[in-house]
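Enquirer: One structure, pasted below without further comment.
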Amino acid sequence: MVHVGSHETDRPAKEHANTAGSTLIEVAEVNAGYDNQRERTRLIALRDISLKVTQGEFLAIVGPSGCGKTTLINMIAGFVKPLSGVVKVRGVPVDGPGADRAMVFQDYALLPWRTVERNVEFAIENRRGHVPKPERRARIANALQLVGLAGFEKSYPHELSGGMRQRVGIARALVGEPEILLMDEPFGAVDAMTREAMQAELEKIIAETRQTVVFITHSIDEAITLGDRIVVVSSRPGTIREIIDIDLPRPRFDERNDIKRSARFGEIRSHLWKLLSDEALGAKWGSVARQEGETA
Amino acid sequence: MTHVAPAERSTRSPAQVETITVSRYASLKGVAVTIVNLAVFFLLWELIARAGLINELFFPRASEMFAAMYNGFADGTILPEIWHSLSNFLIGLAISIVIGIPVGLLMGASRVADLILSPYVWAMASLPRVALIPLLILIMGFDNSMQLTIIVLSAVFPIMVNCMAGVKTVDPSLLRAGRVFGTSRVQTYSKIIFPFTLPFVISGVNQGIARGLVGMLIGELLGGGGSGLGFLLDRAGDQFDAPMLYAVLILLAVMSVGLIQSMRWLEQRAAPWRDTLRT
Ligand SMILES: Nc1ncnc2c1ncn2[C@@H]1O[C@H](COP(=O)(O)OP(=O)(O)OP(=O)(O)O)[C@@H](O)[C@H]1O
Ligand SMILES: [Mg+2]
């Protein structure tokens, strides 16, 4: 087996990060779960999660379906409160959503009665003094251009394909230029070619804006091409199996030099593949028994 | 590896949007079909009645019905009653809307309000309206206010219950999007909860109209107020005036269809995003 770096979570910032940054997001010894009032049980979704994200870092999260990725990102967003432990942003415990964090939702969460441009505007019209009105038009047009939806400003979500709706959700998250981008499988419904183009676009944007990104994906390749680090979550209950440094040079999307052909990419890829297929099998055979153990 | 800028790939291109021609007579076609349909209906009615298969006492000819209707309008017996019923009904509906929507929204938004009010609301929503007539007559006599009250009591609960259901079923992920993008409490209502609830409100009003019409007739038939279409119906029955009876029934049908269709039209205007459900 090729060696792939695996580290403690509170490891100091790496030289290849965009900005040699201080800790921006800190998840400390968090347990999370959902209560079922009817059956009087509690499903433990995440157990003992500790993790730090530095300023300007691109953190990718992978793991089998149902392992608690959305729960984790929802805690950072501020919707879900941990059962124990604490989530901090810039040293301050998270108590609900804030202007510094925007999110791309796994289920898009677009307002069906608003057109595409009005949906994007939603991100910058609610907080007082967020983006002045005259500036909004240009910002919205720019965001829609970035996700390739120029010309669809007046369409309603129900008139768009799944992948197009998802891109509206991305434009909505980008338009306010938040410090932290939380993206829950943002390219899940997009075709392979568009997906790659959007990954390249995202990398370019991030390099420019130096935003910090937490990015959930089911695609190993996507995690490696985009991430500075990859968190592998194992399931039932979700725990951090491993955190992998991706020491590939940036920009990763380079016409002359396909990063996916590099030896290093292949090493990381097969390592991740093995981790995740263990997970998938483990989930298959062990899930029922473990699940029963966890619900109390 | 080559990258195609996403902006170039999926921008709406002229090649994707074509102009289509819609026949100018497309909408007229529906009207024409309806006219022919009705003409055939009344013709069959006339023929069956003329054949004398059914006792003329309760099955008059269509032509007699139309004559009764014409005479009723000409001698001024029908129009004031239509006006009475319609204005009563519209006032009752307006009161129901003004009460039903806020209370329904409140019940959807506040757990406490729901807990306190829902037993009464459900009891009143389920109770057959006729059962209230004796009590209302006892309280208000044969006054017009009694007829109004029964309309309101019929229409208000479906409106309330639907509004409540609308607020309660707001998609939680939309509420999350609201929180992420910084909606205040007021904005959460005005930008997410109200728009989401609007179609529910309209279908509540639709049901309110249907129930309110029943309430209106019950009030006029049993309330002994001596006016309204229900009264005409009652009197025509007493006088064995079958043509008039049928004429009033037809007028009632026209009135109900008109009200319900105009709500349908409103529903489509108010919720264009529900397009997919219609086509
Ligand atoms: N609102 C909820 N109520 C109860 N249980 C929930 C809720 N949301 C998630 N869960 C449970 O928590 C666990 C983790 O769910 P989560 O959505 O975080 O998984 P995920 O890793 O995002 O999965 P996927 O990759 O399929 O999106 C699952 O077992 C799920 O059943
Ligand atoms: Mg998820």
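Cβ coordinates come from backbone N, Cα and C, glycine included.
As annotated by TrEMBL, transmembrane segment applies to B:31-53, B:89-108, B:120-142, B:148-167, B:188-206, B:212-233, B:245-266. Marked as domain 'ABC transmembrane type-1' by TrEMBL: B:82-261.
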Enquirer: Between the stretches B:31-53, B:148-167, B:188-206, B:245-266, which one has more Cβ pairs under 8 Å with the transmembrane segment (B:212-233) than any other?
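Expert: Looking only at B:31-53, B:148-167, B:188-206, B:245-266, the most contacts with the transmembrane segment (B:212-233) come from B:148-167.
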Enquirer: Report, as numbers and ranges, which residues of the same chain sit near the transmembrane segment (B:31-53): CB under 8 Å and 6 or more residues beyond its ends.
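Expert: Same-chain contacts beyond the flanks: 59-63.
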Enquirer: Under 8 Å between C-beta atoms and at least six residues away from its ends: which parts of the chain pack against the transmembrane segment (B:188-206)?
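Expert: Sequence-distant neighbours of the transmembrane segment (B:188-206): 93, 97, 100-101, 104-105, 108-109, 158-163, 165-167, 169-171, 174-175, 178, 260, 263-264, 266-267, 270-271, 274.
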Enquirer: Can you tell me which parts of the same chain pack against the transmembrane segment (B:148-167), counting only residues 6+ beyond its ends and a CB-CB cutoff under 8 A?
Expert: 88-89, 91-93, 95-97, 99-101, 103-105, 107-109, 114, 121-122, 124-125, 129, 132-133, 136, 140, 193, 196-201, 203-205, 207-209, 211-212, 214-216, 218-219, 223
